[in-house]
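Asks: Have a look at this one.
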Amino acid sequence: MKKFSIVIAGGGSTFTPGIVLMLLANLEKFPIRQINFYDNNFDRQKQIADACEIIIKEQAPDITFLATTDPAEAFADVDFVMAHIRVGLYAMREKDEKIPLKYGVIGQETCGPGGIAYGMRSIGGVLELIDYMEKYSPDAWMLNYSNPAAIVAEATRKLRPTTKIINICDMPVGIEERMAASVGLSSRKEMVVRYYGLNHFGWWTDIRDKAGNDLMPKIKAHVKEFGYSLKEEIEESQHTDASWMHTFAKAKEVFAVDPDTLPNTYLKYYFYPQDEVAQSNPEYTRANEVMAGREKHVFGECNRITKAKTAKGTTLEVDEHASYIVDLARAIAYNTHERMLLIVENQGAVVNFDETAMVEVPCIVGSNGPEPIVQGKIPRFQKGLMEQQVAVEKLVVEAWIEGSYQKLWQALTLSRIVPNPRVAQDILDDLIDVNKEFWPKLT
Ligand code: NAD
Ligand code: G6P
Ligand code: MN
């Protein structure tokens, strides 16, 4: 059986060890001969890489491992690029969150002004990875989950239209695990769903079990009362902090606005931005929580493993919830025709919506990539919301390409999260100040 070679771009990510452990746990399904790490931050990556090298030696000594900051080495002879970079690191995420809050506007990693600022940083970073892939391994596929996925996807659609990149998000995976648990199923894989939207901005319209029984009534009854909170928490390793528990509970109020569908959790930022501001601490945001939590734990544990020269007894966990990445790689490698939610160019999948929008819909994935499944016409309520949001995302990409201050100001103004153009401009000017190193110059 062919063994695959992969490069993890963003080797220094807090998610890298969990993903490596997940890949090692799935070698029977997806055999690997080589794992490369690539990052542009040598010191950060080294801490993760030294520990992962030990983990790989202990669990799968046949796999060749290489960690490098040299793209020529990292991207040579690979079948898949798994990309999860964060341009500007947590230091900039913190600014994305805190600057809007100064003006009473929610600051969030992927939504509103914070997401726009992050998008303006990410576009260049992801394009650079694509160019390395095309130069050194032109047959490879990039599985990208670098955020903000909506803006990154639109930028790659426009600027690298022929590249083999698939943008994917794990939020639906996490929510579907919760839906499955809420109706007593052991896995989301027992469900078949219909869904449409933009990334972090979508709705489920139909959920059935494998026999075709409609699960929507039971799931809706649960969400009506508890949102996506569960009486008994499940092993869903990524979304465990108290702030995530608040998000899952808040889905109840988002659902109430349109009880015909089940909403993505991220809609809370667009529907109830004032509530989110009210319960934020402008001195201590999610970035601070992650730095003190996941980042500290992962780096602390990696450094401990390196010192001990063994991963025995480690508290690092297999990120089983990330196994959707293996499903995606397998779908391409083995033409499995797996049905997955992906971010793809609309082209009629949402019939009454912009053909060029990057939408999130179920796709059948085979060796020539994803084939979107038509979701039909969508109601006026969702269409109105999506028109506004997709215009924000497209304006950001145009602003990046043209270096246009005006378009970026319009993007912020159009975001549902921002109350008016004056506040939009105040936030924008502060964001420009701190992003000089990362954004194109705007005139
Ligand atoms: P992190 O900061 O811990 O890791 C990101 C790594 O990327 C860092 O080591 C950094 O040095 C590196 N990097 C930054 N710019 C780079 C560049 N131009 N070239 C190469 N490497 C570069 O961040 P994290 O919290 O682990 O998250 C990583 C990414 O994954 C983020 O974009 C996050 O939003 C995303 N993410 C997406 C999903 C999803 O649903 N799509 C889920 C989880 C995380
Ligand atoms: C979800 C989203 C990701 C996002 C992550 C943030 O999984 O789908 O796009 O990056 O949450 O989580 P964090 O723990 O970093 O706030
Ligand atoms: Mn996501």
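Positions of Cβ are set from backbone N, Cα and C atoms, glycine also.
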Asks: Of 6-27, 72-93, which span is tagged transmembrane segment by TrEMBL?
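Replies: Checked against TrEMBL: transmembrane segment maps to 6-27.
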Asks: Of the candidates Asn36, Asn147, Asn346, which does TrEMBL annotate as part of the substrate site that also includes Arg93, Arg286?
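Replies: Site partner of Arg93, Arg286 for substrate, according to TrEMBL: Asn147.
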Asks: Please list residues from the chain of Cys169 (Mn(2+) binding site) whose Cβ is under 8 angstroms from its Cβ, counting only those at least six apart in sequence.
Replies: Tyr145, Ala149, Asn199, His200, Leu341, Ile343, Glu360
Asks: Take every residue in the domain 'Glycosyl hydrolase family 4 C-terminal' (195-418), average their pLDDT values, and give the whole-number result.
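Replies: Per the prediction, mean pLDDT sits at 96 for the domain 'Glycosyl hydrolase family 4 C-terminal' (195-418).
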Asks: Whole-number Å distance between the CA of Arg93 (substrate binding site) and the CA of Asp170 (active site, proton donor)?
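Replies: It is 19 Å, counting Cα to Cα.
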Asks: If the criterion is a C-beta within less than 6 angstroms of any ligand 3 atom, which of the recorded positions Arg93, Glu109, Tyr266, Arg286 pass it? List them in sequence order.
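Replies: So the answer is none.
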Asks: Can you grab the distance from Tyr266 (active site, proton acceptor) over to Glu109 (site 'Increases basicity of active site Tyr')? Cα atoms, rounded to a whole Å.
Replies: 11
Asks: Any of the binding-site residues Asn147, Cys169, His200 with a C-beta atom under 6 A from ligand 1? Give them in order, or none.
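Replies: Result: Asn147, Cys169.
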